[in-house]
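This report concerns only the one structure given below.
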Amino acid sequence: MAPTMIATLSSPVGLAQADFQLAGPMKDRRIVVAMSGGVDSSVVAALAARSGAEVIGVTLQLYDHGAKAKRVGACCAGQDIRDARAVADRLGFVHHVHDHESRFRDTVIDQFADEYLAGRTPIPCVRCNMGVKFTDLFQLARELGADCLATGHYVRRVMGPDGAEMHRAVDPARDQSYFLFATTQEQLDFLRFPLGGLEKNVVREIARDLGLGVAGKPDSQDICFVPDGDYASLVRKLRPEAEDQGDIVHVDGTVLGAHKGLIHYTVGQRRGIDIGGQAEPLYVVRLNAATKQVIVGPRRALAVSGARLGDANWLADVEGRDVLAKVRSMAKPVPARVTANRLRFLSPEYGVAPGQAAVLYDAADKSRVLGGGWIEETFTAE
């Protein structure tokens, strides 16, 4: 059944650009596909099946089947698991579901709350990719005897002179390289990202041509375990002390008022400070978890010359190298240099928040991902 349906596919350009980079006859290859129940991973599974390889779909159940699971466009919960199973049944391959709720809660959700408690701005999607998705799925795929693990992430795996390299996706609006900086070289050697060379509209066209029920399913939005976007409510439930009040203090030392909890603030924020009578707009400059203070100041006080990176992961030698640094998921990469895990911007940057990641790209080949690290500390520009 599966070969007949896939043969009717009318997206030759998209198919030509989807490559699993496996040597030898595909009929002798086994591909494990990480399936979230969305259109992207479903199309990856379809392309894998079309290649002639043996396909095994795997879905990790990451949180409960309660109210969160009812939201359309979520990830790895009730309806999403059923959607993944339906795709596997339609295309004719085996599908496994593994319960990873406890690990997801311990390594992603609890860590998310702890970061806010520490006055940092977390990125749970990176933590999830680092642990539950890539580390756990990597091990599972190995145990299943797979030749590779394929995912629906929009990033490219390119073979360079020294082995596999990570590059940005062709579709800049969909590029997810910022969230994948912690992928190790060992993982990159085993991973495949067949959608990295495709645009999203082509992916949806492939899904429609296959008659997949997820073809029109909305993309995942916000943080998957915060379905209504109210992250403060979740953190408050897990860590009630996160809403302890404290002082709002100007960078000159003047106490301006009181705040309702550090979880409501992040570096660079302007709205929500609610301090009137100031000569110029105020921004959150830093958060002091020890004293429960929100430090504010004019925009010029946000300028930083660099940052210290922790838990860095490098896919190439970056020491003393000219790089482009991206310090927020939606930020434009800016020129910088790295020395001993200390990032120095060639021009001051604004709104650089501890807890976020600094992801580095090759200054010459602007698409290549060199790795990155977590922003532990920033240095005020003189």
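For all residues, glycine too, the Cβ spot is worked out from N, Cα and C.
Same-site candidate for ATP binding, as annotated by Swiss-Prot with A34, M35, S36, G37, G38, V39, D40, S41, G152, chosen from L60, L117, L180: L60.
Here the C-alpha separation of A34 (ATP binding site) and C128 (active site, nucleophile) works out to 13 Å. Distance noted between the C-alpha atoms of C224 (disulfide bond) and C128 (active site, nucleophile) is 11 Å. Geometry remark: H153 (site 'Interaction with tRNA') versus G38 (ATP binding site), CA distance 11 Å.
Under DSSP, D40 (ATP binding site) is assigned to a helix (H, G or I) in the three-state scheme.
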